Amino acid sequence: MRNIILLLRPQQWVKNTFIFLPLFFHGDLANVQMLINAVIAFFCYSFAASSIYCFNDIYDVAADRKHPKKCKRPIASGAVSIPQAYGLMALMLFLSLNLAFWTLGNSSMQVIGVICFYYLMNIAYCVKLKQIALVDVFIIAIGFVLRVILGGVVNAILLSHWIVLMTFLLALFLAFAKRRDDVVLYQETGMLPRKNVNRYNLDFMNQALTIVSAVTLVAYVMYTVSDDVMKQFNSHYIYLTTVFVLAGILRYLQITIVDVKSGSPTKVLMKDRFVQLCIVGWVISFLILIYL
């Protein structure tokens with residue numbers, strides 16, 4: 001059972017909380033039915049993501065067996081057989097699509113459409129696209145945008161261009177930070193964590209992180225002072241939340257460039273107290289401004 005759980009990577013499901021952003025920004029977190037819909041969408045997406053993790057580990061099994069760390073993965077180590085992994089992959093996809101079809105009513109087909117697009121995109125990513133420099137990080141960022149789109153679709157919430165843009169930029173920032181760790185590993189050991197890592201170098205990654213983090217911050221500031229947003233939330237103080245965004249970005253840059261520990265955004269989120277405080281502070285400040 002432990003190896004099956006490791007294969008499904010439930011700890012990565014935390015990334016799917018982006019599905020709740022449309023509900024949060026729309027001011028409807030207290031709407032029980034909409035919240036239930038978002039929770040169902042969260043599990044639909046998470047099951048599909050776990051199915052993709054199975055496929056990825058099946059497809060990469062030969063390379064993983066030669067990798068000093070990835071050789072311990074359930075399939076690469078032989079703890080889970082390839083036929084078992086295929087069965088688990090099919091089961092998780094079946095659960096994802098059927099949960100959406102039988103529980104989400106009028107939005108079910110749209111949700112299934114988003115999940116199928118995500119699924120096919122990630123199959124292409126596992127097979128080919130992750131080997132192409134730049135394309136790989138953009139695919140990761142698009143995956144986060146799809147999470148937000150799903151959160152809007154499931155509750156018929158019209159997404160603003162701001163939430164889509166900022167989600168894409170933040171995800172792109174995290175993806176570049178993750179790739180920078182791969183570049184450092186390659187330069188220090190000569191080992192290629194990914195086939196496309198030799199198409200990056202530290203100078204490029206540092207400049208990319210600087211550009212994307214700056215654009216992300218500017219986009220957020222423009223969002224907080226836009227007339228539409230101030231009217232929507234009936235507040236002229238949304239800009240005050242910028243302090244948490246700035247602090248969070250700077251801390252993540254510190255983790256990436258100084259500590260060189262940004263290889264897993266999920267681990268950073270789960271373990272770094274400063275990042276956690278920034279997120280909690282941002283959420284609380286927004287809750288006060290939107291809901292009180």
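Each residue, glycine too, has its Cβ placed from N, Cα and C.
Here's what TrEMBL has on this protein:
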type: TRANSMEM; residues: 34-55; note: transmembrane segment
type: TRANSMEM; residues: 75-95; note: transmembrane segment
type: TRANSMEM; residues: 101-120; note: transmembrane segment
type: TRANSMEM; residues: 132-150; note: transmembrane segment
type: TRANSMEM; residues: 156-177; note: transmembrane segment
type: TRANSMEM; residues: 204-223; note: transmembrane segment
type: TRANSMEM; residues: 235-253; note: transmembrane segment
type: TRANSMEM; residues: 274-291; note: transmembrane segment
- Query: So what's near the transmembrane segment (204-223) in sequence-distant terms, Cβ-Cβ under 8 Å and 6+ beyond its ends?
  - Reply: 162, 165-166, 169-170, 172-173, 176-177, 179-180, 183, 229, 239, 242, 245-246, 249, 253, 256-257
- Message: What residues elsewhere in the chain lie close to the transmembrane segment (75-95), defined as a C-beta under 8 angstroms and at least 6 residues from its ends?
- Response: 3-4, 7-8, 47-48, 50-51, 54-55, 57-58, 61, 64-65, 67, 119
- Query: Hey, which bits of the same chain come close to the transmembrane segment (235-253), Cβ under 8 Å, at least six residues off its ends?
  - Reply: 173-174, 177, 209, 213, 216-217, 220-221, 224-225, 229, 262, 268, 272, 274-275, 278-279, 281-282, 285-286, 289-290
